[in-house]
Every structure is written in structure tokens, then in C-alpha cells.
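Engineer: Have a look at the structure that comes next, please.
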Amino acid sequence: MPSPSLSKQLFQMTWPMMFGVLSLMSFQLVDSAFIGQLGILPLAAQGFTMPLQMVIIGLQVGLGIATTAVIARVLGAQQIKKAKQLAGLVLSLGAAMVFIMCLLIWFSRGLLLGLLGAEANVFPIIDSYWPVWLASCWAGAMIYFAYSVCRANGDTKLPGLMMMATSILNMILDPIFIFHFDLGLNGAAWATIVSFTIGFCIILPPIFKRHWISFSWHNLPIIASIKELNSVMTPAMMSQLLPPLSSMMATKIIAGFGAAAVAGWAMASRIEFFAIVVVLALTMSIPPMVGKMLGAKQFDDIQKLIHIAVKFVLAWQIGLAIILFAIATPLANLLSTDVNVVQVIESYLLWVPISLSSLGICMLMVSVCNALGVSMRALTISTLRLFACFLPMIWLGSTLFGLHGVFMGALVGNTMAGIIAWIMYNKAIHNLQKTITAKDR
């Protein structure tokens, strides 16, 4: 029976990613707390940086998803040499693409800041901060591509460990660079550069030692390989850019209910991020497994693996929702002392967590579709989730039932998204199986 071994493989691939994701979240929270002590202007400068950071992260995550999907598929087809060459190509291509993106952002900073509505007093801070911040983005992208190569080869322990190590190092270095060296906002970026550079220097030797990478591209059709990567990367990148846009639109709806509603929503969003950490880990651990199975044409195993993951997500998220429901009042009071904000958080914990099981399935299906090479379907699922399910439902809920209706709408929207994603995935896997079987005849 393959299912128990698949369950074990899935667990072994997922738990390192879970701790890695948790550590990254923790470092980002600590980073924000330190920057928050610097005053209004540095905070404003970071605020204007965030939209552009999302674009860079979208590019790196898009290429990272393509790396995992394509290399895992090639490994499944036993094309070991090509997998190594693709890893080298990804690292070189990624370094060049992110570097060019950073240069474009720097040289068009005046135009970009004008479009974002930045005031003149922020410009001097931006001129000082952005070169260091852009360098930290490039360093972060390089280590992320290295993680993707490891995951594509079935190793999540090394990247998971390095995510924890670099996050802890960053948290240690933050106060040293920001306050002790008196570098302020720039110090936060320098701490990131140092921690990611050290991490990259540590993770690269094992990748070479295990023969997972090669910069000798003899007999590798480079243009065709770039096109293959791009077919996954572009839709995946667009998928990454949709949630920030959706988040801004959701905030606009909630802002109509006052500052307490926005504050409560922001706090609830942080709870949600931690509540779906297992799902986030699964979206990183499942694609290499699916990619290898696809390369080996093991469609039955793909279906069994996905069913195991879906059942686990449903059970885990429903169990977590029950716990959050039970501790809603003390948790809300712990997170805020404002009565109105507490009421908003309590309302969120009453309605939304149970729907995170469906949201988890939707997120999982997006990552699986990318691994299967049907990235446009993954993008379609992401688009439908946000703009046909989530946003319309919270708008309708807010119109009919006020602020509580927003959370009711989120519940309905997330549930709809999970059902649609499951149907679209099943159609994709059956069509893919038919196509590949027909080619083999």
C-alpha cells in the first residue's frame, strides 16, 4: 500500500518548511517592532517601499515556483544532468532578473514615489534607504532560489533549517545595526543583507557537494528552457501580486466601519497568517513531490498524495477553528485593550476560522496546478478566489449585515473558493492524464 509511505514522505517534507515559515514570520514581526521605534518618517519610507517589495517578491517567488516544478518534473523523468543544468540556469537567470528589477526601481524612484503620493520630506530618507534595501532584496532572492533548488531535489530540511538560522541571526543583528551602530532604518536592511549573505554562503556548498547544480550548459537548449520556466513563472508571479491588491480593496470596504474595524481586521489578518502556517508549509513541500510523480507519469500516486493532503488540511483547520472559537474572548482581550477592537476580533474568530479549511484547499490546489505545469489554471483559481468569491462576498455581507456581514462574507467566499479550486484541479489532472496517455500511444 503506497498511501502510508506517501503520508510519511509528506510529513518529512512538510515539517521543516513549517518551522521555516514560522521563523520568517517571527523575524518580520520583530523587524517591524524595531522600525516602529524610529519615528514617523522612517515608517512612512518603509510604507512606500512595501508595494515595490511585493513586486520583487512576486518575481522571485514566481521563478522559485517554476524552478521547483520544472526541475522536479525533469528528475522524475530521470534526466539528472538536465536538472543540474536547469538549477545553474535558474540561479544565473534569477540573479540577473532581480538585479535588473532593482536597478529599474532605483532609477525610476522619483516617478514611482510620485505615483505613490510620497511627500517631499520622505525623499531624502528614501535616497539613503533604497540602495541598501534593494541590495537586501537581491540577497534575499539569491538564497530563495537556492532553497527552491533544494526543494526541487526533495530536501526541505536544509532550507527549513537555514530559514530558521537566518531569521534568528536577523533578529539578533537588527538592534545592533539599527541602534548600536545608529544606522536607523538602513540598519534593518544591513542586518538582512548580512544574515542572507551568510546563509547563502552556507547553503551553496552542500548544493554543489550533492551535485544538484551545474553551470556547464553544453547540450542544454537554453532558450527552450527559459521558455519552459517562463510558462510557469509568469502566471505564478501574477498570482503573487493579486493578494496585495485584494487586501487593499478589502481594507477599503472595512474602513467604512471606522478605525477600530480596520485595527481589528489588521490584527485578525495576523491571526489568520499564523493559523494557515501548516497550509503554507504544504504549498512548499507538495510541488516537488507532484513534479517528480508527473515526470515519472505516476498519476495514481499524485491523486493519492493530494487526497491525503486535503484530508489533513480539512481535519487540521477544523480542529484549529474549534480551538480559536473556544478561546476567542481571552485571545481578543490579549491582543487589544480597546473594547471596539476586541469586538471586531471576536466576530472574526466566530465566523472566519472554520472557512480556512476551504481556503487551505484552494491554496493547495494553486500550488499543485503549478507543479503540474498548468499555471494558467493556477492563476485562474487565484483570480476567482479573490475577485469572484472573497471580495464580492465580503462586500455583499457588509451591505446586508454591516461589519459582522464582512466576516460572514469571508466565510462564504473562502468556502466557495475551496469548492471551485477542487473542481478545477480534478479537471486539470484528468485532462493532463488523457493528454500524456495519448502521446505515449
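Numbers run from 1 along the shown chain.
Cβ coordinates are placed from backbone N, Cα and C, and glycine is handled just like the others.
Here's the feature list from TrEMBL:
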| type | residues | note |
| --- | --- | --- |
| TRANSMEM | 56-75 | transmembrane segment |
| TRANSMEM | 87-108 | transmembrane segment |
| TRANSMEM | 128-149 | transmembrane segment |
| TRANSMEM | 161-181 | transmembrane segment |
| TRANSMEM | 187-208 | transmembrane segment |
| TRANSMEM | 247-267 | transmembrane segment |
| TRANSMEM | 273-294 | transmembrane segment |
| TRANSMEM | 306-328 | transmembrane segment |
| TRANSMEM | 348-372 | transmembrane segment |
| TRANSMEM | 384-401 | transmembrane segment |
| TRANSMEM | 407-425 | transmembrane segment |
Engineer: For the transmembrane segment (187-208) and the transmembrane segment (128-149), decide whether they are in contact, meaning at least 3 CB pairs lie under 8 A, counting pairs 6 or more apart in sequence.
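Structural biologist: Counting Cβ pairs under 8 Å, at least 3, so yes.
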Engineer: The transmembrane segment (306-328) and the transmembrane segment (273-294): do they have three or more Cβ pairs under 8 Å, with pairs 6 or more apart in sequence?
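Structural biologist: Yes, the stretches contact each other.
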Engineer: Considering only the recorded stretches 87-108, 128-149, 407-425, state which has the highest number of Cβ pairs under 8 Å to the transmembrane segment (384-401).
Structural biologist: 407-425
Engineer: Near the transmembrane segment (247-267), which same-chain residues lie under 8 Å Cβ to Cβ, leaving out any that are not at least 6 residues past its ends?
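Structural biologist: Result: 335-336, 338, 340-345, 347-348, 390-391, 394-395, 398, 402-403, 406.
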Engineer: Have the transmembrane segment (56-75) and the transmembrane segment (128-149) got at least three CB pairs under 8 Å, pairs 6 or more apart in sequence?
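Structural biologist: Between the transmembrane segment (128-149) and the transmembrane segment (56-75), which are separate recorded stretches, there is contact, as judged by 3 or more close Cβ pairs.
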Engineer: Please give the sequence-distant neighbours of the transmembrane segment (128-149): residues at least 6 beyond its ends with Cβ less than 8 Å from one of its Cβ atoms.
Structural biologist: 42, 45, 49, 53, 56, 59-61, 63-65, 67-68, 71, 87, 90-91, 94-95, 98-99, 102, 105-106, 109, 159, 162-163, 166, 185-186, 189-190, 192-193, 196-197, 199-200, 203-204, 207, 212-213
Engineer: State the non-local partners of the transmembrane segment (407-425) in its own chain: residues 6+ outside its ends, Cβ under 8 Å from one of its Cβ atoms.
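Structural biologist: For the transmembrane segment (407-425), the sequence-distant neighbours (Cβ-Cβ under 8 Å, at least 6 residues beyond its ends) are 306, 310, 347-348, 350-352, 354-362, 364-366, 368-369, 377, 380-381, 384-385, 389-398, 401.
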